[in-house]
Every structure is written in C-alpha cells, then in structure tokens.
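I have placed the structure first, in the form of structure tokens, so that the comments after it can refer back to it.
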Amino acid sequence: GPERRGNAGCALPAAVDIQPACLGLYCGRTVLSVNGSVETYGDCGVCPRGQRTDDNKICRECTGSPDRYDWLYLGFMAMLPLVLHWFFIEWYSGKKSSSALLQHVTALFECSIAAIVTLLVSDPVGSLHIRSCKVKKLSDWYTMLYNPSPDYITTVHCTHEAVYPLYTIVFIYYAFCLVLMMLLRPLLVKKIACGLGKSDRFKSIYAALYFFPILTVLQAVGGGLLYYAFPYIILVLSLVTLAVYMSASEVESFKDLLVRKKRLVVLFSHWLLHAYGIISISKLDKLEQDLPLLALVPAPALFYLLTAKYTEPSRILSEGGNGH
C-alpha cells in the first residue's frame, strides 16, 4: 500500500498486505511466481495434482519417494488381483490342472507387466521410481471429508490427493490388469482349455470382471484403512485360508502333504504371505530384532499338522459314543 505519514510528518512503514486465513485442513495457496526469495501466492483453494499443503498452508510439490511401508502397501494392492485370479482359475479348472498351470503363469505375467507399465507412466515418466507425498495421518486419504464452509453456506472444495500417488496409482494398475487380461486370456483359454466344457472355460475371466470393480470400490472407500491394516489382514487371511485348505484337502500328516506337489506349492505360497505380513508389521527397522520373527512363519502349519489327528471329527464322535 502507499506510505502513510504520522502527525509529525515522518514516514511510517508501508502497510503489510495481510491475506485472510486459509481455512480447512487441506486448503492451500498455490505459488504463482518466485522472485529471488519472495514468493507470490494465489487465492486459498485446492492444490494442483502432485502437490500438498505444508505447515504454512502453501501448496508444495511432492518431491519425496515412497518409504518401505508404502512400497509394501502397493505390493499388497498389486497382489490382490493376482491371488484372486489364481483362486478362480483353480476353482473353475477342476481336475484339469495342466490347463490351469498355463493360466496361472499368464495371470502372473499380466499383473507383472501391468505393475511395470503403471510405474513407467507415473511421474517421473519413463522411470521405475515414483515421487510421492508422505502419509501423515488417516485423514490424508479422505480430503473430501474436510472441505471447509466458512459462512456455513458455501463450501470451499479443497479435495486433492494428499497422499499422491498412493491413492490413484492403484486404480491405474487395476485398469492395466483388466486391459491385459482381456487381450491375452480369452485367446489362451480358447486354445488350451479344450478339456473343459464351453461354459466353464471362460468362468475365471467372468469372475475377474466381477472382482475388479469390487477391488476398485474397496480402494476408493477403504484405501486409507487398508493402508494401516493390511499387514494384519494378510496374517489373518493367510492363517484362515491355510487351515480351510488343509481341512478341505484332508491333510493330517506330513506324508499327506508330500503325496501331491500342489499341496506343497499352496503351503509355500501361504508361508510367503505370512512372511510378507510379518515384514509389513515390523517394517524391518531393526534387522537383528525383526529377522528372527520370520522363524515363526512355519509355526501355524506345524501346529495344525501336529494337532490334526486329535481334532478329527469322527474320532471325537466315536470317543463320545464310547463314553456313554
């Protein structure tokens, strides 16, 4: 503003242009121009994609890279469609395991290529590295719930991806998975699944057309909750599914496991999931303290095999009958 003079005629400092406070948890001012150490800011509003507000409510570029836990979370979200693909391929292939194996490999190929392409198209483009903003709290995932209403009538919309790009990169990955599946799998299934009936042959693909929209909604609504809970979800689900598989396959001893290679493959797959869950919980911050925890990975399977003969329903029923 112009200089103002006091009563004595001496010049007072120029009036400082004080802008109104920027309300809302995620509203910020964009930097319009930088002249030396002086920055010019725009109006309070939504930050552009790839930026988030700092402590002074200024939109700053995300220049960090995902930490180990962020990568583990992205790995979990990338594994979900692959595990579901494998489950439904196995479910619908029945006894025709030769055709199932090639489909399993194809599903792994689709998801791997989708993951690589997703990283390549993310900023910086053409690199397997991605730049990201740090996740500080759960509300960072749900900025749409924190739009302020200064006069209780008009709402200032400041919804942006404060956890850039952890929220949207999952949707991009799922889109690539779906496109690659639709390009590759129908041709493959048509050629190899001759033993299956015409109606059964494409059922694993139809299942994917159902579970991809479900996964997308899950990420849209529960992305933040999954980010904090996924290690425990992995551990609980892998324990439950291993117990269900072993009881359904009537595995009661180590000999039963060795009869079929498929059972060993399923067991080792569950062990890998257990290890992934333990690593995600501990984050391997202190290696000498956290690495011994991986020795617990076989414990649930060993416990099951050692106690299965004592919990056989027919044995319990017969002993109960003898007691009377």
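Easy rule for this one: first residue shown is 1, then count along the chain.
Backbone N, Cα and C define each Cβ position, glycine as well.
Per TrEMBL, the features are as follows:
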- 71-89: transmembrane segment (TRANSMEM)
- 101-121: transmembrane segment (TRANSMEM)
- 164-184: transmembrane segment (TRANSMEM)
- 205-226: transmembrane segment (TRANSMEM)
- 232-251: transmembrane segment (TRANSMEM)
- 263-279: transmembrane segment (TRANSMEM)
- 291-308: transmembrane segment (TRANSMEM)
Mind checking which residues of the chain, 6+ beyond the ends of the transmembrane segment (232-251), have their Cβ under 8 Å from one of its Cβ atoms?
76, 226, 257, 263, 266-267, 270, 273-274, 276-278, 280-281, 300-301, 304-305, 308
Are the transmembrane segment (263-279) and the transmembrane segment (291-308) close enough to be called in contact, which here means at least 3 C-beta pairs under 8 A that are separated by 6 or more residues?
yes
